[in-house]
Amino acid sequence: MARAATNRRKLGLTLLAWSIGIVIFFPILWTALTSFKTEAEAVASPPSFLAFHWTLENYTEVQQRSDYFLHFMNSVIVSLGSTLAGLLVAVPAAWSMAFVPGRRTRDVLMWMLSTKMLPPVGVLIPIYLLFRDTGLLDTRVGLVIVLTLINLPIIVWMLFTYFREIPGEILEAARMDGAGLKAEILYVLLPMAVPGIASTLLLNVILAWNEAFWTLNLSASQAAPLTAFIASYSSPEGLFYAKLSAASTMAVAPILVLGWFSQKQLVRGLTFGAVK
Amino acid sequence: MATAHSRAAARLTMSPAVLLLLCWMLIPLVMTLYFSFLRYNLLMPGTEEWIGVLNYQYFLTDPAFFAALANTLALVGGVLVLTIAGGIGLALLLDQPFWGQGIVRLLVIAPFFVMPTVSALVWKNMLMNPVNGLFAAIAKGLGLQPFDFLAEAPLSSIILIVTWQWLPFATLILLTALQSLDRERLEAAEMDGAGALDRFIHIILPHLARAMTVVTLIQTIFLLSVFAEILVTTNGGPGTATTNITYLVYAQSLLQFDVGGGSAGGIVAVVLANIVAVFLMRMIGRNLDI
Amino acid sequence: MGEIVLKQITKSFGDISVIPPLDLTIANGEFVVFVGPSGCGKSTLLRLIAGLEDVSSGTIRIDGKDATALPPAQRGLAMVFQSYALYPHMTVRNNIAFPLKMARLDKAAVDRKVEAAAAVLNLTGYLDRRPGQLSGGQRQRVAIGRAIVREPTAFLFDEPLSNLDAALRVNMRLEISELHASLGTTMIYVTHDQVEAMTMADKIVVLNAGRIEQVGSPIELYSRPRNRFVAGFIGSPRMNFIEGEAARGDGADTIGIRPEHLVLSTDGGRWSGTVSVSEHLGSDTFVYVQVDGIGTLVARAGGEFPVRHGDRVWLTPQAEKLHRFDAAGNALSSLASGKKVA
């Protein structure tokens, strides 16, 4: 009896949860489906859900007409490049904060966080003018620099919270064993922190991939990552639903998969360790 | 706990990050501040001159500013209320045992990973478009008149899109917090005769308070700067119906090339964000035990 | 060789003084144990010697050279940590080899030394495992192996056995003692466990609130504690302290008598009381006696002593084993020897 009631309750919850889940996911699903339709089917009324003529031609056309691959590579280079550059600067800083905390460590951490809260419009104009005058506008290098800087506080914070879970005694042991600073970080700390560093890398690639203020304002055509490339579809001449869907699906799919893998780290990274 | 050697090493290893962020924050901010006191238009180079607080006077008395301020507040407030209420509901649901929990969780968090430009375009064209959108098709199927979301209710439509993007974040964090709740406390309350509603009000909600504050503060920081969604869907219009402060500053400086006025707006945005940031920093700082 | 001399060293963290000026000489080849309650500064003192913390003032000489400002790696010391501090991502072989690699030894020499250390410590079969796959005792031995391959001037042990279960602890205690006997290297060993201190040390340094309370051989500390703190800290169960009228009769503010020096009788004696608890271990019997006008005293009888809760018993201290303390807790001359304890 009780068992049956429990199962009935579970069945009800299952139906409810799945319905809500599908509704929330539906825009993504719909986009993915539309990307396999012909343009005519994409705007057909009433729309067909699965019973349409499946085609891959939107994907090939997006590539041919607008050099999708260039923008995809821009996204890869900018997101990965800015994350790696950020890690390079952040690892030593997080080491010192986690293992040699001083009286001011806390203030420095909080200050770094505060830079993240600076609204981008507050510095948009000078950065735009500086980039224009130094020829960094619409370059991958320029975007890497900006995204490194805007995500640096998150990288430092995430690494800091991961490093703090490593017992300091192990690093002291390395110091006793004759390891210098470089050896201590390279041979002892980093190998032990691999999971944390991987999570940090993953989350920051996601954030950089989806960053859509600086990429929209500082890139035009050559260096435009997918965020800016997709935005060009909002102009009337680009209004082809199936092609828009194909481009969107390709832009979202890789990062969605990464995101699904990193959902736990997401919470920790985006709340600066306040919720774990 | 350290020696002079390790402290020297700490200073050395810390400095690149600190210097970079210092440059990133301070130099442009000072420049913005400086520009905000100038007559400075990119279309009229060479005519820069010091005009004191005139830019602020114009910016703060511009009806567009009040519209933008109201829109910003509506956008931030609307999305916060919807995501937190929805997030608590979803977190409670996802915390229950049902079949396929893991998959539903993936479905629910997916929108967070969709880049803003894509979600804006998908909602604008494929769902909300009054002619070819899915919602229009559904309305027609039901014999109703299609609704032109972005023309008739532009701000609400943008709130809906942004809520869709941020609901996963709120859900995920509230769910994480919920799962850290000691089950025995709920069982003890149940033994004490507390009903489901009592347990929710007296045990679950207080436990989630911290996570709710974190969600509120972090989302506020991001929501104050919503930009791509507006740029792609409405360009701030119709009129100024969907212009928020961020978009107003962008339009002023990069569309009208009024660097001085835009800078003044930027500084105003910084001040507004700082008010929120102070609370957020206190919150995080309190949980930081060094 | 391994002589370590601390001269007037102090340590403070901010305004808090952890170690007031302290002098200590550790002779070459000695096994010295720092013992004291938690928070007494014993680990800090060890870390100062290791170079993991800077002294606030004073000098540390190791092997005749001033090492006060040297970084830990250059002091020629090896340390075994409480948590073992093994490198979890390296095999046992690489853990033990790490200090040698850092010293840029050639590969053949590294291999030879690692194999030799592994043979001594019975780790040969485990060289290719990772620390996570080892038992607590094996991890402990790897930590020791990592220390001995360096052939250090002295070994530092920071509560190395506190994470092991009781049986293993006894074994490892013996192994470390044997290691000391065979290597003959200076060892400094920190523990809060006075049994470890008594069983292993050549010389015990009893610390309390950063101060050295007494330095001496285990038997010296046991039989001639310099003050009430040392008397109470060394020995198990701890010494009984009696204040008031009974103590004044012996010309002291407090008298102390160890449980093993209280003679139990069911017929008569100096103090009478009722048994509250009796613990029968077979080899010994510990009797907790509620003595009239004094309080609870613990007495130990060798073998079985058949009493139970509520029985009336008499206790008589062995006069020559009675410790007398003044109001400040310092030991007065012993009644038996009549000599003033230094």
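Cβ coordinates come from backbone N, Cα and C, glycine included.
Feature list (source: TrEMBL):
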TRANSMEM  B:12-37  transmembrane segment
TRANSMEM  B:64-94  transmembrane segment
DOMAIN    B:69-285  domain 'ABC transmembrane type-1'
TRANSMEM  B:106-123  transmembrane segment
TRANSMEM  B:155-178  transmembrane segment
TRANSMEM  B:208-228  transmembrane segment
TRANSMEM  B:264-284  transmembrane segment
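For the transmembrane segment (B:208-228), the list of distant contacts is 72, 75-76, 79-80, 83-84, 87-88, 91, 115-117, 120, 158, 162, 166, 169-170, 173-174, 176-178, 244-247, 250, 269, 272-273, 276-277, 279-280, 283-284: same-chain residues at least six beyond its ends, Cβ to Cβ under 8 Å. Counted over residue pairs separated by six or more positions, the transmembrane segment (B:12-37) shares at least 3 Cβ pairs under 8 angstroms with the transmembrane segment (B:264-284), which defines the two as touching. Through the fold, the transmembrane segment (B:64-94) approaches residues 101, 104-105, 108, 155-156, 158-159, 162-163, 166-167, 169-171, 173-175, 177-178, 200, 204, 208, 212, 215-216, 219-220, 223-224, 226, 240-248, 265, 268, 272 of its own chain, all at least 6 residues removed from its boundaries and within a Cβ separation under 8 Å. Sequence-distant neighbours of the transmembrane segment (B:155-178) (same chain, 6+ residues past either end, Cβ-Cβ under 8 Å): 71, 74-75, 78-79, 82-84, 86-88, 90-92, 94-95, 105, 108-112, 114, 116, 119-120, 123, 128, 149, 204, 207-208, 210-212, 214-215, 218-219, 222-223, 226, 229-230, 233-234, 241-242.
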